[in-house]
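Participant: The structure's right below; bear with me while I get my questions together.
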Amino acid sequence: MKTPSQPRAIYYIVAIQIWEYFSFYGMRALLILYLTHQLGFDDNHAISLFSAYASLVYVTPILGGWLADRLLGNRTAVIAGALLMTLGHVVLGIDTNSTFSLYLALAIIICGYGLFKSNISCLLGELYDENDHRRDGGFSLLYAAGNIGSIAAPIACGLAAQWYGWHVGFALAGGGMFIGLLIFLSGHRHFQSTRSMDKKALTSVKFALPVWSWLVVMLCLAPVFFTLLLENDWSGYLLAIVCLIAAQIIARMMIKFPEHRRALWQIVLLMFVGTLFWVLAQQGGSTISLFIDRFVNRQAFNIEVPTALFQSVNAIAVMLAGVVLAWLASPESRGNSTLRVWLKFAFGLLLMACGFMLLAFDARHAAADGQASMGVMISGLALMGFAELFIDPVAIAQITRLKMSGVLTGIYMLATGAVANWLAGVVAQQTTESQISGMAIAAYQRFFSQMGEWTLACVAIIVVLAFATRFLFSTPTNMIQESND
């Protein structure tokens, strides 16, 4: 019997997903280098801005999802988000010497990312009935598409920026998003079954004006608001407010469902360890990128490899790790039992620690010989990428076993995305030249060593905890969703 093919609309979603990842990760690979090289920001300022931007892009999808659910529909939200991200890159590329253009461009991209990121997966979900067996394959295709974009982006945008200038690198990132949008719009006839804008809600009157007019005002003011946050380094205050709200939600869950309190505490612990992991992993876009730019010998075949290209190593490692992880989870490889959740977490952190130890070794080599080894750096980054698939997929798999998985997944993403990126900036400032004047290489060596040592200590704690409490993640059956939910 022939297996039904995927809906035609999925290929347009996959196309825009590839180009969105290309746009986002292309610009991200250039950002810290652009701030320090072109605009002359010191390390402290550059890392603070980079971490603020990286954290805020994980806050706005909450609002973007709400707007799509209440007013816009997923398809319209995706289109609006893609347009805003394209506009943001255009603003960034017009004047690469203006700090105001920088802040405004990042703010526009943050708003666009919020509308796009939270709704592209929801739009894909609309293509399937609840029990459609093609659903898992569709989401796997979407995930693979993202990896293609994130691998290609640092290579293409990095080479463009090095050969033709920053404005070309940013233009390429924005152009990719625009190409993805055009492909997506060309398939509009395949999205007839998806939810459209709620015209009745948009034309209803609230506070003396139609709702659509308030929406326009909000879309115009939001970039101004985020520009102020970035320019004045106020993002931490917004993040603190959002985290307090998230903590209150979990506390109310514990009060409302006392029988679930133990499982909720376990999820909170997962969030804590996941956040720790991503504080370390997000050093790749700031501290590690600056180290590569300044101290790694990037000559290969008489060509200087652009620093941005190293951002592709992580994505390549994630794809390769997916194959290995699938093998580990297969029935043939389980042995006596499936690897326990906390041992998987410990293994992921162990790989991260080994990666940082390799970086510390490379920094020591640079201190002695003047330059670090590109091969050692790539090996360290690959280990860090490999570690990723032992953290997030494991945590999400456990969270989604619970009845209140939607809210908890959102809070987990907030913790490991927004909070981790902001804290990563705080941690990274240990290496800033303004704090350790004239001893940059020593600062990097000490930083990488400390990160590796602290992570190894966390691994030891988690392993002891896992063996000391045999049923650490045994969950009451009434917490777990029924199989037919």
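Backbone N, Cα and C define each Cβ position, glycine as well.
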Participant: So that I know how the record lays things out, could you check whether LEU102 and HIS365 fall in the same topological domain in Swiss-Prot, i.e. on the same side of the membrane?
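Facilitator: Taking the topological domain names from Swiss-Prot at face value, LEU102 sits on the side where HIS365 is.
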Participant: Mark yes when the transmembrane segment (141-161) and the transmembrane segment (407-427) have three or more Cβ pairs under 8 Å (sequence separation 6 or more) and no when they do not.
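Facilitator: No, since the transmembrane segment (407-427) and the transmembrane segment (141-161) share fewer than 3 Cβ pairs closer than 8 Å, they do not count as touching.
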Participant: Taking the transmembrane segment (141-161) as reference, which of 13-33, 47-67, 263-283, 376-396 has the most Cβ pairs under 8 angstroms?
Facilitator: 13-33
Participant: Please determine whether the transmembrane segment (235-255) and the transmembrane segment (47-67) are in contact (criterion: at least three Cβ-Cβ distances under 8 Å, sequence separation 6 or more).
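Facilitator: Contact between the transmembrane segment (235-255) and the transmembrane segment (47-67): present.
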